[in-house]
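Here is the structure we will look at.
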There are 6 protein chains.
Amino acid sequence: MYLHVQRLINDIVADEPDPAAANALQEGLGGQFGEMRTMMQYLFQSINFRGPAGKPYRDLLQGIGTEEISHVELIGTTIARLLDGSPRYNGKKTDPLDTPGAGGRTPLDLALGVGNIHHYLVAAQGALPVDAAGNPWSGSYVYNSGNLVLDLLYNLMLESTGRLQKCRIYEMTDNKTARSTISYLIVRDQAHENAYAKALETLGVDWGKVLPIPTTNAEKFPEVKKLVDLGLQSKQYTFDLEGASEAGRIFQGTSPSNDGTELDATEQAPAGVPSTIARERYEEFSPGLDPDLLALIQATADLEMADAADPLFAPTRNA
Amino acid sequence: MYLHVQRLINDIVADEPDPAAANALQEGLGGQFGEMRTMMQYLFQSINFRGPAGKPYRDLLQGIGTEEISHVELIGTTIARLLDGSPRYNGKKTDPLDTPGAGGRTPLDLALGVGNIHHYLVAAQGALPVDAAGNPWSGSYVYNSGNLVLDLLYNLMLESTGRLQKCRIYEMTDNKTARSTISYLIVRDQAHENAYAKALETLGVDWGKVLPIPTTNAEKFPEVKKLVDLGLQSKQYTFDLEGASEAGRIFQGTSPSNDGTELDATEQAPAGVPSTIARERYEEFSPGLDPDLLALIQATADLEMADAADPLFAPTRNA
Amino acid sequence: MYLHVQRLINDIVADEPDPAAANALQEGLGGQFGEMRTMMQYLFQSINFRGPAGKPYRDLLQGIGTEEISHVELIGTTIARLLDGSPRYNGKKTDPLDTPGAGGRTPLDLALGVGNIHHYLVAAQGALPVDAAGNPWSGSYVYNSGNLVLDLLYNLMLESTGRLQKCRIYEMTDNKTARSTISYLIVRDQAHENAYAKALETLGVDWGKVLPIPTTNAEKFPEVKKLVDLGLQSKQYTFDLEGASEAGRIFQGTSPSNDGTELDATEQAPAGVPSTIARERYEEFSPGLDPDLLALIQATADLEMADAADPLFAPTRNA
Amino acid sequence: MYLHVQRLINDIVADEPDPAAANALQEGLGGQFGEMRTMMQYLFQSINFRGPAGKPYRDLLQGIGTEEISHVELIGTTIARLLDGSPRYNGKKTDPLDTPGAGGRTPLDLALGVGNIHHYLVAAQGALPVDAAGNPWSGSYVYNSGNLVLDLLYNLMLESTGRLQKCRIYEMTDNKTARSTISYLIVRDQAHENAYAKALETLGVDWGKVLPIPTTNAEKFPEVKKLVDLGLQSKQYTFDLEGASEAGRIFQGTSPSNDGTELDATEQAPAGVPSTIARERYEEFSPGLDPDLLALIQATADLEMADAADPLFAPTRNA
Amino acid sequence: MYLHVQRLINDIVADEPDPAAANALQEGLGGQFGEMRTMMQYLFQSINFRGPAGKPYRDLLQGIGTEEISHVELIGTTIARLLDGSPRYNGKKTDPLDTPGAGGRTPLDLALGVGNIHHYLVAAQGALPVDAAGNPWSGSYVYNSGNLVLDLLYNLMLESTGRLQKCRIYEMTDNKTARSTISYLIVRDQAHENAYAKALETLGVDWGKVLPIPTTNAEKFPEVKKLVDLGLQSKQYTFDLEGASEAGRIFQGTSPSNDGTELDATEQAPAGVPSTIARERYEEFSPGLDPDLLALIQATADLEMADAADPLFAPTRNA
Amino acid sequence: MYLHVQRLINDIVADEPDPAAANALQEGLGGQFGEMRTMMQYLFQSINFRGPAGKPYRDLLQGIGTEEISHVELIGTTIARLLDGSPRYNGKKTDPLDTPGAGGRTPLDLALGVGNIHHYLVAAQGALPVDAAGNPWSGSYVYNSGNLVLDLLYNLMLESTGRLQKCRIYEMTDNKTARSTISYLIVRDQAHENAYAKALETLGVDWGKVLPIPTTNAEKFPEVKKLVDLGLQSKQYTFDLEGASEAGRIFQGTSPSNDGTELDATEQAPAGVPSTIARERYEEFSPGLDPDLLALIQATADLEMADAADPLFAPTRNA
């Protein structure tokens with residue numbers, strides 16, 4: 001059973017909207033080696049796990065799988081922010097709906113030029129469950145052979161490939177919003193890579209110096225280096241509310257990444273940062289609640305809840 | 001951010017293995033109107049939500065979305081149990097690997113006859129992210145228009161269709177393992193249907209007597225009736241660890257299902273039941289840890305952790 | 001622009017329900033070489049057609065394309081009839097909803113054994129836009145190269161392949177409902193094959209004796225032979241309400257099928273037979289209007305239309 | 001059974017070619033909420049409809065479904081026109097086939113830069129059965145639960161989503177060709193939205209003020225406003241050649257769109273405008289009939305039809 | 001550049017037709033971990049390979065990739081043989097086309113009951129490029145990260161998973177035709193697993209005792225054991241006609257499979273066995289050349305080649 | 001059984017990198033009418049071929065199918081070269097990894113603007129098994145009806161469509177690398193078109209003057225004309241190492257392309273040109289062997305093979 005808190009697992013740095021960067025990040029969300037994939041793969045591997053004696057391995061899978069749900073939330077929110085920007089708010093135009101033939105710029109015409117037109121046409125400037133080339137996420141991505149060694153080997157390759165692709169995305173954009181999340185995920189992918197490599201070490205494999213994959217360069221990225229200096233690549237949270245996880249029996253000892261750190265699985269979860277709700281986008285005809293609708297609700301609320309102590313739409317923590 | 005406990009959200013009644021029933025239940029897991037769909041759809045709707053004034057609606061989506069993760073876990077585990085059964089354990093044969101030409105029954109030949117052969121050939125008698133006809137789950141299922149009224153309308157239709165299909169699955173099998181989970185989900189789908197119907201009521205819609213959909217018959221199913229008598233169709237948990245959810249501002253008052261109950265969103269989460277780890281399946285070459293591997297690990301552990309206070313494979317709670 | 005009449009293009013012979021035959025017929029509806037494919041392919045070829053001088057070819061495509069819509073209707077209805085049958089109506093059981101543990105047969109358990117479980121679980125004993133292996137119809141099937149010779153060559157191959165597959169379906173079942181529609185479509189596919197072969201003849205190709213494809217045997221099927229004796233394979237309707245079609249400039253002269261007949265495109269449309277509406281299926285929770293709903297509507301109608309001269313649910317021609 | 005006339009259901013305003021706009025319109029043709037979807041969904045719902053007492057609902061579905069075929073034709077033709085334009089005709093170059101290394105502009109190089117390269121590489125500057133992100137249309141889009149209330153609810157959501165997306169497309173381009181068709185379809189989508197909303201009203205639902213969806217703004221689009229002023233959003237044609245449709249029993253009374261109009265289903269079909277055939281595109285190697293081929297056909301025709309009274313390629317109404 | 005000889009890479013043992021086994025083998029042909037996948041993956045990895053210094057690794061990939069083409073040929077032919085069987089040849093009926101209503105068995109009705117109906121309806125009792133659940137092979141399966149370590153790791157996992165699934169197929173059927181090919185491929189998969197494991201050893205990884213995967217049991221299969229005793233799991237052919245391959249620099253030394261053998265890459269290719277052409281299947285309307293067609297060709301040949309020294313259809317080596 | 005030589009079937013002319021052209025060429029590799037399709041289709045048609053008397057037809061299919069493998073290799077290599085180019089090698093920047101905020105150009109940002117972002121994000125500047133719109137290659141493309149006439153007709157249409165699309169690609173770019181391969185494939189497609197047309201001639205079809213398709217213009221392309229002047233469109237290689245092919249019984253006599261040439265199938269294979277291995281791309285984190293890894297391997301090699309006569313990484317023919 002799963003629970004949640006209204007926080008993001010890591011902070012997102014503010015910067016300009018950037019639809020092209022948003023589209024590149026979709027690979028990290030809905031791509032074959034993105035966060036939806038890792039989340040679902042580890043969830044299925046946990047559900048179908050066999051052999052009570054292997055509980056530490058099951059718990060490792062389940063803990064990482066739980067973290068991936070928060071990664072889906074983090075990168076999805078990052079994409080939505082990168083897409084967020086419109087004439088009404090940016091002051092480029094006063095009238096959001098142009099008059100044909102009068103030379104006005106059409107409000108959503110940027111959708112025709114970069115990235116995935118579905119971000120504007122279908123998703124109202126929000127994240128989509130697709131990859132950077134627009135392919136919908138597919139259940140056929142999930143690998144769960146039932147053989148523990150193979151599943152661990154696949155997961156190690158999966159995390160390394162995810163990290164490889166994120167290093168490439170880092171090189172595609174210098175937008176700070178994009179890079180703050182990409183850098184965080186590069187480091188966490190390495191932590192998960194360490195987890196599966198260590199699990200295979202307990203079964204007798206010696207990785208020599210091939211880890212991490214890619215072996216070089218990522219630490220030259222300043223945002224990544226900052227997190228590596230904090231040791232975030234050698235830490236795994238349990239995300240277990242009752243302390244039942246035995247993942248720490250595996251995730252301990254020297255890191256297989258050859259960086260001299262010790263693996264640590266003693267924390268339950270990071271502190272996170274408060275999540276907020278984005279503003280309306282009237283040009284998408286998709287406000288959360290547009291002025292007319294809000295007035296309508298208030299009127300309804302006045303009627304229906306005249307005697308309620310707690311008004312329906314009092315100022316919320318997001319207002 | 002998400003956390004978990006090592007419990008299932010509802011108990012699964014024990015019965016015989018039943019691969020055909022397992023396959024039918026796949027629709028409820030990986031089908032267009034199954035739990036993976038609802039989980040992902042509400043997760044994306046929460047992430048992309050716009051308009052701080054609509055926080056109660058966002059929190060409703062997020063709370064139901066969190067519950068759906070546990071439903072994925074529940075129905076996935078149910079499918080795995082329905083598939084669980086093999087010659088070695090059932091005593092039908094002493095030698096799990098037959099001798100060609102000697103007339104022995106091949107251990108996995110039942111895979112050729114019923115349901116989805118991938119349950120045996122690919123998934124090692126475990127659940128798959130596919131529907132009952134074998135189609136992989138697709139990201140193109142997720143609906144998130146950005147328009148609140150449309151999203152609520154879609155969600156109402158989605159929960160009702162899910163409930164409709166589960167009523168049909170109920171009529172396809174009398175296996176108790178299958179029916180215990182299907183019945184629970186029928187009732188929870190109705191709770192979610194009530195949630196979205198109520199949200200639309202706050203926007204001015206009057207449903208008359210069309211709810212719930214389907215309007216009749218489900219309460220004639222004994223297992224369903226038992227849960228309806230407990231009022232489970234009129235309860236929504238927040239699954240929020242810090243009490244920040246405002247979903248209760250919507251999920252309150254008379255049920256739109258015309259059953260005379262009051263909606264209640266005051267509980268954080270159900271108690272759940274402890275989850276267990278399934279036994280090995282040697283005929284799938286997919287033990288969690290087969291005897292040889294276990295011996296290997298122990299030998300490794302003896303070497304590596306000779307001085308560790310906490311042995312790697314002490315008896316676990318699942319042992 | 002398209003219009004319709006409430007008739008089927010050909011009669012469907014009554015016989016027992018047969019879900020396995022229904023599934024085989026799905027190939028003719030939603031398969032790569034089925035009626036949805038031909039309908040869409042010719043519709044796109046008509047829309048994108050270039051060159052005013054080629055109007056007779058465009059009109060030929062448009063006329064056949066229009067006929068294919070009626071073929072989709074015909075084979076879809078045939079599939080729905082083959083799936084139609086349930087305990088309540090067949091008298092096998094008095095109570096459609098069994099009592100678990102009491103040994104009753106579950107109403108929909110036949111869905112687990114033959115054909116496509118989605119026919120019962122998703123489609124309420126109706127036709128689906130999928131092929132006989134359950135693959136959804138795909139827009140990638142549509143071929144429209146823009147090159148007239150290639151399009152005609154493809155269409156000839158398409159009709160012949162459709163006819164080939166239907167000959168195989170004929171050999172898979174002796175259900176009269178299935179065979180009456182399959183036989184009609186075998187003959188009409190040959191008519192369309194003749195149309196495209198003749199169009200290529202006007203461009204200089206001489207087919208020798210290779211047509212029709214397959215060259216042999218189909219006339220040994222009694223139902224097919226009856227229609228061939230009527231010359232239905234050498235007739236093409238215009239389906240054009242205003243007599244503007246010039247398809248007759250191509251579809252004339254000796255048949256390329258080497259059967260000695262003359263091609264004839266002088267008729268607008270066949271007479272067809274009245275279509276009817278199927279009965280309710282309560283075990284699917286999917287009546288058109290179940291008794292409760294019907295009562296509800298009538299009550300509403302009484303209120304809303306007390307002064308209307310024409311009552312909402314007077315006996316209809318289908319009642 | 002279906003018939004046709006050689007007319008488009010609405011006129012298309014002339015403007016410059018615009019491949020980016022053409023690609024955006026593909027969502028309205030082959031997208032999940034586009035015209036191919038509505039056409040197929042209502043066709044299947046009509047075929048699989050159950051319950052003779054519900055004939056007015058079946059007839060409503062069938063009438064709207066028939067209209068959607070004409071919408072596919074309209075938007076497909078619009079896309080083809082937006083793609084129509086090449087060096088040979090636009091006078092930009094005298095030689096359509098450039099000499100490599102001589103600095104000439106390659107005739108189709110615009111295909112590499114905007115929209116969907118398949119429009120030039122595969123479709124010869126014609127419409128494709130795909131969405132604006134290039135995904136082929138899929139049979140898995142079609143929803144037909146068998147439950148009347150759910151089907152109507154889904155259809156209402158479907159039409160509203162289609163209208164929402166078309167409002168966004170309107171904001172992406174000011175090309176008059178694109179906007180003339182988009183505006184017409186926005187208004188017709190609203191008419192269909194009204195139809196399904198009214199059908200649910202007959203079952204007891206009161207929509208309050210939530211309709212139409214999106215509730216605001218579309219009427220600020222000048223081309224849309226013109227059609228709304230004519231009341232086109234409150235009219236539904238039967239497209240029934242024999243007057244058998246009972247859809248008017250539902251589509252009558254006050255519009256659920258809160259615009260004060262009365263619904264009207266008394267007309268058979270709109271007048272439409274004559275359709276024409278597009279010119280050749282030699283740079284695509286895909287003329288309908290290029291000069292060589294035309295000469296060939298004429299020679300053949302001279303031989304084969306020396307004694308025919310009606311010459312094969314007399315001037316046609318499109319010439 | 002590739003060349004071929006008209007031989008199969010391994011012999012196929014004769015046995016009864018078995019459509020259910022044929023369908024299971026489709027996973028080994030068109031499944032995610034089947035021979036089409038390995039063939040394409042290694043072909044792409046060879047094409048896109050970077051770094052001249054890594055030529056031994058490129059040559060290893062190219063050699064195994066070439067072998068996989070022959071594996072596709074082998075397993076495809078095996079499936080076709082398992083599907084081969086019809087009334088005409090088996091003497092069950094004298095008339096291949098039954099008379100409806102006369103009680104005759106329909107020639108292809110077995111297609112409705114087991115495996116994939118497309119084997120009969122679409123493929124004329126031949127192999128299909130799909131998996132055992134009917135999913136078409138997809139280009140999205142191909143993994144080629146560009147990072148050598150990751151590609152080798154993936155390939156190791158891929159071969160092991162293929163071998164795991166083939167071990168399960170072995171347990172599903174005791175048909176000798178099926179088992180002869182499956183056993184051969186189990187052993188060759190292990191050879192390829194050894195190749196990638198050894199390549200990773202050259203980069204510093206020590207596999208301990210985890211290889212081969214699955215670690216146990218396969219040698220208990222008699223047909224597999226026979227080939228293992230011949231050392232076929234430790235041999236890799238170059239398939240290189242000019243001796244340019246440097247794969248032997250990697251594939252040498254002790255086997256990573258812990259079986260005490262030495263790896264050997266000195267042979268160019270196995271001898272293979274002559275391939276033959278299957279007999280006609282008249283009930284599929286798909287003879288290679290049916291009697292009528294053959295007569296037609298001969299007549300044509302007589303005319304066209306009256307003076308040719310070499311007659312067109314002299315007895316061939318397959319006759 | 002298949003073998004290979006380390007040569008490309010045709011030379012690739014050097015020119016600048018051009019990612020947009022690379023993407024257009026993907027249609028020729030992974031598109032519905034590209035080389036992967038023809039390769040797989042003819043391979044399956046060879047495997048499933050029926051009727052020993054038709055061996056010349058089988059051998060024709062097998063020979064062309066073998067050539068297509070080399071075409072996949074050729075066009076894949078061409079795409080990889082068109083994508084090959086990065087800041088490090090082109091001297092645009094000294095530091096391949098930029099400093100955020102310092103205004104440096106991000107190394108891979110060109111991936112965001114043209115063609116398919118997956119070429120950089122997933123494939124490390126290499127070819128992908130997808131078409132020019134990014135759709136993965138699908139097994140559903142393969143056509144193999146089992147009926148010889150239909151298969152030949154389809155193959156004729158397939159080759160002609162491939163040639164048509166390549167003519168369009170030629171018109172999209174004047175990059176010499178792209179055009180050298182496209183021109184070669186245009187001519188070879190015509191050779192295959194001739195092969196299938198001739199095979200149908202042996203069955204009695206007379207093509208008149210419709211071949212080749214498209215009938216005009218391609219010979220106006222200078223690179224194409226040069227190859228046509230050499231007669232490459234009238235030559236078919238057997239690719240058969242043992243001279244067993246009987247394809248020459250069909251591929252002989254006057255060309256159906258009306259160009260006055262004689263068909264010739266007497267050669268085994270073209271000479272080809274030596275293939276080379278591309279250089280590393282460090283900005284992709286995907287060198288074949290980066291400096292660190294190379295040093296590691298050498299160190300390992302020194303240890304493991306101190307006494308080996310043949311050093312692991314002696315200079316290779318590609319160095």
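Numbering starts at 1 and runs along the chain as it is shown here.
Placed from the backbone N, Cα and C atoms, the Cβ positions cover glycine too.
From a predicted model like this one, the values you see are computed outputs, not experimental measurements.
The number of other CB atoms found within 10 A of the CB of A:His71 (Mn(2+) binding site), across every protein chain shown, is 28. If you look up TrEMBL, you'll see A:Glu35, A:Glu68, A:His71, A:Glu159, A:His192 marked as Mn(2+) binding site.
Note on A:Asp59 (Ca(2+) binding site): other Cβ atoms within 10 Å of its Cβ, all shown chains, come to 26. A helical conformation is recorded for A:Asp59 (Ca(2+) binding site) in the three-state DSSP classification. Residues annotated as Ca(2+) binding site in TrEMBL: A:Asp59.
Summarising the annotation, TrEMBL assigns region 'Disordered' to A:252-273. Long-range Cβ contacts of the region 'Disordered' (A:252-273) within its own chain (Cβ-Cβ under 8 Å, at least 6 residues beyond either end) map to 5, 7-11, 63, 190, 193-195, 197-198, 201, 207, 209, 211-212, 228, 231, 233-241, 243.
Highlighted in sequence order, A:Thr38, A:Met39, A:Ile64, A:Glu67, A:Gly162, A:Leu185, A:Arg188, A:Asp189 have their Cβ within 8 Å of the centre of the Cβ atoms of A:Glu35, A:Glu68, A:His71, A:Glu159, A:His192, the residues recorded for Mn(2+), and are not part of that set. Cβ neighbour count for A:Glu35 (Mn(2+) binding site): 25 (other Cβ atoms within 10 Å of its Cβ, all protein chains included). Note: the Cα of A:His71 (Mn(2+) binding site) and the Cα of A:Asp59 (Ca(2+) binding site) are spaced 18 Å from each other. Note on the region 'Disordered' (A:252-273): DSSP counts are 0 helix, 6 strand, 16 coil.
A separation of roughly 18 Å, to the nearest angstrom, links the Cα atoms of A:Glu159 (Mn(2+) binding site) and A:Asp59 (Ca(2+) binding site). Taking the Cα atom of each, A:Glu68 (Mn(2+) binding site) and A:Asp59 (Ca(2+) binding site) are about 14 angstrom apart. Distance from the CA of A:Asp59 (Ca(2+) binding site) to the CA of A:His192 (Mn(2+) binding site) is 13 Å.
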